[in-house]
Structure formats: structure tokens, C-alpha cells
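Asks: As annotated by Swiss-Prot, NAD(+) binding site applies to VAL16, ASP37, LYS42, TYR68, GLY82, ALA83, THR104, ALA121, SER122, ASN123, THR146. Residues or ranges marked as substrate binding site in Swiss-Prot (evidence: sequence analysis): GLN85, ARG91, ASN123, PRO124, VAL125, ASP126, ASP151, THR152, THR153, ARG154, THR232. Swiss-Prot lists ARG156, HIS171 with the feature beta-D-fructose 1,6-bisphosphate binding site. Sequence annotations record features per position, and here Swiss-Prot assigns active site, proton acceptor to HIS178. The phosphotyrosine feature in Swiss-Prot is assigned to TYR223.
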Amino acid sequence: MKVFNKKVAIIGTGFVGTSIAYSMINQGIANELILVDIDKAKSEGEAIDLLDGVSWGQENVNVWAGDYQDCQDADIVVITAGANQKPGQSRLDLVSINAEIMKTIVNNIMKSGFDGILVIASNPVDVLTYVAWQASGLPVSRVIGTGTTLDTTRFRKELSQRLAIDPRNVHGYIIGEHGDSEVAVWSHTMIGTKPILEIVDTTERLTSDDLPIISDKVKNTAYEIIDRKQATYYGIGMSTARIVKAILNNEQAILPVSAYLDGQYGQQDVFTGIPAVVGNQGVTDIIELNLNAAEKELFQKSVTQLKQVMASLQPNA
């Protein structure tokens, strides 16, 4: 079994990168955190600020500002760098500029001799995870996007608030694109041990009419946040930290990450958000949900949209 030193590098020290670092320190996930940014003074300042709180955390974490060469012996490199989503802009609108940024970053990481696991948190995450995989030359199992982890926790939050229960007792997934074409899998959503479709219309808290409203609210949460504060970062910070924790601790946890499909769900050669088993080898298995007809159709549309965007990035497209 692979033994980790629990050394993690984070590329990009904007709101998302520092939120990931902050979440990891508070949870004692890593032993060493390296912050890498084109603005070295910024990464140095963030490292100093984060270190000031380490003594109140669960573990003693060494946090410092480095460069790409320091990724050489990292267990995980988390990539957050890229252009930010602006009000009125979809995640897919970012694709051209961020694809080029991603290629440059990954090339710099791989030049260091890095041979660990890449976790991608830049948007549009499904497309950029594919770009990172191609640029890295790593096995598909060791290139993981944050996928629909954030969408899934938003989904569980909405249901928990409506039903007045702990969100940790809501079991359900958002799959597909992390974005406008994402799919809520109602057919496999459980409240405790009870299917949610058996609960619908038995309580005034949740009716059939509420289901599409909830799906849309989950889908549009990012836009709502961006309209109010220009960026989202705490939720994705905690979601990314959860993925890193599963890898470093070899949890074999089922998480809705952006993983490579090679025949699963009837799809080929695409990264998208689906439940997958995550441990110290990266993604070791894809969990295939038995989707109903409507969910299959929506998932197909979501994947098709991602493939169209990928095709637009090809030189001769």
C-alpha cells in the first residue's frame, strides 16, 4: 500500500486556494502545505497568515510558499489557478483561457518530476480535468476533478433544510457537468434509509412540485453567491479538502468527483461528475447508478455538452 508523507501543494493562492488550505489545516488533513502562485509575495503572505493559526488546529502543519519544483515529492497537487467566473458568466465561458492556463501549470508541475495525484478545482472543472490529464501523462485514475462534490452538498443542504434533518443523513447525488446541465438523481436519493420519492407528498415540507425547484436552486446557487460577493470559495474549499482527505487516508470513500468514463454509463472518453471510489491510488472504481429514463436523457445531454466544448478546444475544430 502506498504510504504518504501527507505533503500537498496548492497551485493558486486566490480565494479558492487559500480556502482549501484553511480547511485542510483546521481538519489536520496534511502534514505539509506548499502554496504556489505567480505572485510569490501573495503566497508568502498567505503562508504566514495561515501559520499564525496552526497552533489552534488539530495537527502541526508546516505551511510555506514554494514554486513548481517543490511539487516533485508532493503526494497531491491541487490546482485552483485560472480566470474567475464573473457575474452573468457560465463556467463554460471560461474554457478557452483556462485551458491554456491549465496546460502551462501542469507542464510546470510535471517538469519537477511529480508522480502523485492531481486534483483539479479550476472551472470549468470537467473540461479542465481532461486537459490536465492529457497534459500530465498520468494515468486517468490519478487525475481527479472536484466534479459535483459541491453541487451534491448543496443538494443535501436544500433537502435537509426543507425536511429539518441533519444534512449528513441525506444521501443523494448531483451528476454530470459541474454547471448548468447537471442532473439531480432523485431516483437514488435517500433520507436515512427511506427513498425520498416515498416521502414526497406525504408531508407539506416536500411536494412533487418542489423537486424541480430544488434542482434549479442547487444549479443556480453559484450565480446567486457571485451576484452578492463576486466569488464562491468556502464551499469548494471544504469540498476539495474532503477529496484530499479521502486520498491521503486511503478511505475508499464514494465521492461525486469528476472522473474518466471508459464505457461506464454508456459514455467514452470524458471526465464528468459521478460517484467514484477515492483512495490513495486515486479513483479506483466508478459507481454506476441505475438511472431512470429521464435521468439518463439529462445525463446524456450533459455529457454531450461537455464533449462539444472539448471538441471546440481541438486545433482543427
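A Cβ is built for glycine as well, from the same backbone N, Cα and C atoms used for every other residue.
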Asks: Please give me the recorded positions out of ASN123, ASP151, ARG156, TYR223, THR232 that lie within 10 Å of GLY82 (NAD(+) binding site), comparing Cα atoms only.
Replies: ASN123
Asks: Could you find out if DSSP has GLY82 (NAD(+) binding site) as helix, strand or coil?
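Replies: Going by the DSSP assignment, GLY82 (NAD(+) binding site) belongs to neither helix nor strand, so it counts as coil.
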Asks: For SER122 (NAD(+) binding site) and HIS171 (beta-D-fructose 1,6-bisphosphate binding site), determine the Cα separation and express it in whole Å.
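Replies: One finds 26 Å between the Cα atoms of these residues.
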Asks: On a C-alpha basis, identify the one among ASN123, VAL125, ARG156, HIS178, THR232 that is nearest to LYS42 (NAD(+) binding site); the candidates are the recorded positions.
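Replies: Checking each of ASN123, VAL125, ARG156, HIS178, THR232 against LYS42 (NAD(+) binding site), the shortest Cα distance is to THR232.
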Asks: Long-range same-chain neighbours of ASP151 (substrate binding site), Cβ under 8 Å, sequence gap at least 6?
Replies: ILE174, HIS178, GLU182, VAL218, LYS219, PRO256, GLY273
Asks: For a quick check of packing: other C-beta atoms within 10 Å of the C-beta of LYS42 (NAD(+) binding site), how many?
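Replies: So the Cβ neighbour count for LYS42 (NAD(+) binding site) comes to 17.
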Asks: List, in sequence order, the same-chain residues at least six positions removed whose CB sits under 8 Å from that of THR153 (substrate binding site)?
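Replies: Within the chain, THR153 (substrate binding site) has Cβ neighbours under 8 Å at PRO167, GLY235, MET238, SER239.
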Asks: Can you give the largest Cα to Cα distance in Å, as a whole number, for the residues VAL16, ASP37, LYS42, TYR68, GLY82, ALA83, THR104, ALA121, SER122, ASN123, THR146 that bind NAD(+) in the record?
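Replies: If we measure all Cα pairs in VAL16, ASP37, LYS42, TYR68, GLY82, ALA83, THR104, ALA121, SER122, ASN123, THR146, the largest is 24 Å.
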Asks: For the residue listed as 'phosphotyrosine', which of the listed binding-site residues (VAL16, ASN123, VAL125, THR146, ARG156, HIS171) have their CA atom within 10 A of its CA?
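Replies: Candidates kept after distance check: none.
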Asks: Just checking the binding-site residues VAL16, THR104, ARG156, HIS171: which sit within 10 A of VAL125 (substrate binding site), CA to CA?
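Replies: So the list is empty; none.
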Asks: Restricting to the binding-site residues ARG156, HIS171, THR232, which ones have a CA within 10 Å of the CA of VAL16 (NAD(+) binding site)?
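Replies: So the list is THR232.
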